Amino acid sequence: MATTALNQAIGTLQSHGCFSNSGSHRDSLNASVRLISKGFKVEVGLLRRESYCSRKRSFSLVQASSSQTTVFDAVSSPSKSTSTTKDSPKKSNEAALILIRHGESLWNEKNLFTGCVDVPLTKKGVEEAIEAGKRISNIPVDMIYTSALIRAQMTAMLAMTEHRRKKVPIVMHNESEQAKAWSQIFSEETKKQCIPVVTAWQLNERMYGELQGLNKQETADRYGKEQVHEWRRSYDTPPPNGESLEMCAKRAVAYFKEQIEPQLLAGKNVMIAAHGNSLRSIIMYLDKLTSQEVISLELSTGIPMLYISKEGKFIRRGSPPAPTEAGVYAYTKNLAQYRQKLDEMVH
Ligand SMILES: O=C(O)[C@@H](CO)OP(=O)(O)O
C-alpha cells in the first residue's frame, strides 16, 4: 500500500467539506443499538432502558467547555426565547438530542469501505431516511448538525420532509464573508420558520485511509478476518494511513463538546446526522463506554436514536419506534406538550 501521510490526508479532509440491525431483536422497529460487551449483551431501545440501568452506569457528563457560536443567530430558534412559544412549551435546560446514521449509501450497498469518500444514498437509503423522519416527526428540532458528506446531508433533509412542524431546514454558509452575506434572510418571520443546518467536517466518517474503495469481504479474505475487524472496530488501531476510532473521536467528540453541547445546555433540541464511526465515538462519550465496550457498538443505517439532555447529563431513550408510540411522549413533559401543540396545529 502507498504511504500517504496521515496528516496530509486529514488536511485534505479539512478542506472539503453506522447501526447494523444485527441480532435477534424482539422488536426490530425498536432496535437501535446492540452492544455486546465482555460476555453480556445489552440491547438498547425505547422499552429497554432497564438494560442500561442494570449496568449501573452513571450518565453524568462533563460540562461544555466553550460558549455558543454566533452562526445560529442567523435563524432564530424557538427554544432560544425565554417565554413560552409554540414549539417549546416551556423554557427548560432540558433538550432532545437525536442521533441518526445516514441511510444506506451506494457504497454500503456494494460493501466498499467508504470513509470520507462522498457517496450519495441508494433508493433504499432515501427510504430509510424518510422512515427515520416519520419516527421523529413529533420530536422538536431546533438545530441540525450534519457532516460535510452528502449521505448525511441527504438523510437529514429527507428526514425533515416528514416533520410535522414543517419548518424549513436552511444550510448555513459561513465559509466566507461573501457566502454569509449572500445567504442572509431579511424577514424575521421567515427566520422563525427555519431550522439552521450546520455542516461540519469534524462529524465526517472516520477517514479509512488506504481501505477506501476496497471491498470489505475481499479485504478480509486478503488480510484476514481478525485484522480487518481490528481495523474496523478497535478503538486505537488505525487502518493503513487512516484514522482509528480514537483519532476520529478527537475531532468528532471535541466538536460535540465545543459546538453542540452548549446548544443542548441552552435548551435547544438538536438532530445530528452523521456516520457509523463518528457517531460511535459520540455515543462512547455520551454513554461513557470503555474502549472495550465500543468494539461491539454497531449502528444501523437510518435508525434515529433519542437522548434527553438534562442538567448536564445525557439520558438515553432508545429509538422511537413510531411517531405515535405513546412511550416517546412519556419521556418528558416537554415532549408531550410539544406533541400536543402539533396536534392542535394540524387539526
Ligand atoms: O465504510 C465505511 O465508511 C464504514 C461505514 O460504512 O464502514 P465500517 O462499518 O467498516 O466502519
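Glycine is no exception: its Cβ is also placed from the backbone N, Cα and C atoms.
Small disclaimer: the values here were computed from a predicted structure and weren't measured.
Annotated active site, tele-phosphohistidine intermediate per TrEMBL: His102, in sequence order. Reduced to three states, the DSSP call for His102 (active site, tele-phosphohistidine intermediate) is coil. Taking all protein chains in view, 33 other C-beta atoms sit within 10 angstroms of the C-beta of His102 (active site, tele-phosphohistidine intermediate).
The Cβ of Glu205 (active site, proton donor/acceptor) has 31 other Cβ atoms within 10 Å, all protein chains considered. According to DSSP, Glu205 (active site, proton donor/acceptor) sits in a coil region rather than a helix or strand. Look at TrEMBL and you will find Glu205 tagged as active site, proton donor/acceptor.
Look at TrEMBL and you will find 101-108, 114-115, Arg151, 205-208, Lys216, 232-233, 276-277 tagged as substrate binding site.
For His275 (site 'Transition state stabilizer'), the Cβ neighbour count at a 10 Å cut-off comes to 29, with all displayed protein chains included. TrEMBL lists His275 with the feature site 'Transition state stabilizer'.
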For the C-alpha pair, I'd like the distance in angstrom between Lys216 (substrate binding site) and His102 (active site, tele-phosphohistidine intermediate), rounded off.
19
Which of these binding-site residues has the least crowded Cβ, counting other Cβ atoms within 10 Å: Gly115, Gly276?
Gly276
So if I measure Cβ to Cβ from Trp107 (substrate binding site) and keep only same-chain residues at least 6 apart in sequence, which ones fall under 8 Å?
Phe113, Thr114, Val117, Val119
Drop a 10 Å sphere on every Cβ of the binding-site residues Arg101, Arg206, Lys216 and tell me which sphere holds the fewest other Cβ atoms.
Lys216
Can you name the recorded positions among Glu104, His275, Gly276 whose CA is within 10 A of the CA of Glu205 (active site, proton donor/acceptor)?
His275, Gly276
Could you state the whole-number distance in Å separating the C-alpha atoms of Gly276 (substrate binding site) and His102 (active site, tele-phosphohistidine intermediate)?
8
